[in-house]
Each structure stands twice: as structure tokens, then as C-alpha cells.
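Sequence annotations record features per position, and here Swiss-Prot assigns Zn(2+) binding site to 16, 19, 38, 41. Sequence annotations record features per position, and here Swiss-Prot assigns ATP binding site to 121, 122, 123, 124, 125, 126, 127, 128. The feature domain 'ClpX-type ZB' is assigned by Swiss-Prot to 4-57, with sequence analysis given as support.
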């Protein structure tokens, strides 16, 4: 290899065998047996190969569509519990990508979209389920918050911005974006304020539902290209949203009361009323499992919007046992992540069983579900993570129940096998 000349050719002017440029016109000239190639031609070849790989990859992805069992098995590695929701999601996602693989009407039958509605409390795993599937399928994934969306022409975020975000995730590759997954969170927050159609404009509730209808069902959205505002003369990108899988999720607080009103067999008041004791009351999770589309209409979603989300999955509230599992069992469990961080310092991190129970209890008290676990663990480990890089000869850090409760500091075990509480000196 040489910059401007090759070994054995010191007095001879060399040229690129591909483009014909001399060694003085290029930065690098790579020598082979009686052949030379310049850095510009190498870069050009790389670009051509990249473009060809980009064209081939969607087809390869389609050929390797995992079965519902394989999708479910992958979800089990990262998400604890929620067995029914996993099964529903796996089948819906499989059917969606099978529809894309076999595009066009099948024997005159046009297959509809299998968009999904996830109902479950905060921190039950709605976002994680969608994100994990997208990562496994190697498709672009983006999230949107329904509470920030408004109808076009009003202050706020237009629904078309969701597609713009998806394009950004795949470097504005339209073909890739059209195979992506969009998760819209807090969908329950855009329910209309009453059952009856209002004469006033509801730009953040029913208005957003109307705006999302076409996008979710399938339309060709015109999205400005990268840096579109700086280059207004560029043509808009046309994205077919009928190929994009939309997953909507929400806590739907109070929905259980709507379901109970529908399913109640008692008269409710008077001498003939059916009175139920505390022991007869079903849990909120059990009640939500009985949800029907009519309940969602009563809650405030318009019938047309519910019709665009035919797949319904309910997630149960996580109990203490599930939270303890989430802390330690998944492949990317929080305790494993922090153990890896400590390992980078050459220190072993151990969470005792009573510590995991205490962390789960804290999360239940805060009513944050699995979402709050990380912030709790961060708080517990903050001081030791601050001091550890400056402390020598620490071999192991142990976290027990008293550390979680703030009654003591983490136990440090040194390389000479002596142990003491952090900061005890």
C-alpha cells in the first residue's frame, strides 16, 4: 500500500486501474499485483455494496418470519408474566407480517390490518412488549405520546409527525419505514369527554382520534424529506401506512367501573339490589380481562377508532412476585445491568433475596409497576457508585433489606476478605 507510490516503482507515475486518476490526484493508491485502486474508487464500491444490501435485506427479513411460538419465546426472555397478552401479540404480529409477505388479495380476499390495543396499568410492560418484538424482527420502532397530539392546524404535534419519527429511525428509508412498528402511548387520554357528540371542538380528544383514523387504517402520508424545511423544493416522501403495524396502549383508569356496570346482574339499588361483600369483589385486572368494544365506546373512544384496533390484549397488574422476577430474571434485568456496570470496576455486585423483596414493595407502594424499579435501584446504589471508583481493593458489594430501607449502607467486601459497611470509616 502506498500514498503516492508503490514499492519498486519509485520513479514511475502510477494511475488508478479503475478511474485512471494519477497518484497526485488522489489521497491513497492501494497496490495489488500489477493493479492499483484509489481511495475514491474504494469508497464508490462501498456505496454500491451498501445500496445493494439495503435492497436485499427487506426480502431476507420477510423470508425469515418467526412463528408465533418463536415470537412468544423471545418475549419470555425479556418480559415477565403477561402470558395471554404475549400470545395475542405474537399471533397478531405474525399475521401482520405474513400479510405483507403475501401482498395483494388472496383468492379475491383482501386481508385487513391487525392493529393492536393494549390495556394495562402503568409499568405493566405495554411499551416493552412492542419494543422487544420490533428489536427481534429487526424493524424500525418509534413511540408517540397521544397527549401531545392535536388536530392539524392547532398548536401541538400533528399525527403525521409520528411517521416522520419512524423515518428518522431508519435514515429516511421509506421501504424500511413501511415495515416498522409504531407504539402510541396514553391512548386513553384522548377519549372524548362525554358519550354524546359535542358541538364544541375537542382538538385533543375526539379530534385526535379522527386524525389518527386514516393513519392507522392505511393511507399514503406525505412526509417532508430530511431537512425538508431547509430545502422546500424537494419532493415529499410518500409513505404507505397500511403496511405499518400500530400498537396503541393505555392504562384506561376507571374502565373497570364501566365493565362492572355492563356485567352487573343486580339491580343496583333498593330492596331487590344484589349486595356484594369485599370478598366477592374481583380484582381490577380480572375485570379488565372481560373488556368489550362497547365498554371502550362508553369510556370515550369513538366506534370508528376502536374498529381500526381489532386485536385487544389486557395486561395484568404486576404483583410482588412478578416484580422480584423482573428485577433478576430477564436477559436485561436491572440487577444484571448494574452488576455489569460494577464488573467494569472489577467489583462483584450482589442483591440478597430480602433486598429484592424490599425493592418490589417500594415499587408497589409508589404504584409505578416495573417502570419505577430502575429509579429505586439507582437511588440505592447512588452513593456507592459515587465512591467506588475512588476506593481501592473492593472485591464485592452486597445489598440487603436494611440498605434498601435506608437503615444502613452497602456492605463492602475487600480483597483481603474483610467486610465493612460503606462509609463506616
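Every residue gets a Cβ built from N, Cα and C, even glycine.
Keep in mind the model is a prediction, meaning the values are calculated, not measured.
The CA atom of residue 127 (ATP binding site) is located 45 Å away from the CA atom of residue 41 (Zn(2+) binding site). When the binding-site residues 122, 124, 127 are scored by other C-beta atoms within 10 Å, 124 scores highest.
Take the CB of residue 126 (ATP binding site) and look out to 10 A: across all protein chains shown you find 25 other CB atoms. A count of other CB atoms within 10 A of each Cβ picks out 125 as the most crowded of the binding-site residues 121, 123, 125.
Here residue 41 (Zn(2+) binding site) is positioned 44 angstrom away from residue 128 (ATP binding site), judged by their C-alpha atoms.
Every protein chain shown contributes to the tally, and the Cβ of residue 19 (Zn(2+) binding site) ends up with 13 other Cβ atoms within 10 Å.
The candidate set comprises the binding-site residues 16, 38, 41, 128. Of these, 38 has the most other Cβ atoms within 10 Å.
Looking only at Cα atoms, residue 41 (Zn(2+) binding site) sits nearest to 125 among the binding-site residues 122, 123, 124, 125. Rounded to the nearest whole angstrom, the C-alpha distance between residue 16 (Zn(2+) binding site) and residue 126 (ATP binding site) is 56.
Between the C-alpha atoms of residue 126 (ATP binding site) and residue 38 (Zn(2+) binding site), the distance comes to 52 Å. Considering only the binding-site residues 121, 122, 123, 124, 125, residue 19 (Zn(2+) binding site) has 125 as its nearest partner by CA-CA distance. DSSP classifies residue 38 (Zn(2+) binding site) as strand under the three-state reduction. When the Cα atoms are compared, residue 123 (ATP binding site) and residue 38 (Zn(2+) binding site) turn out to be 55 Å apart.
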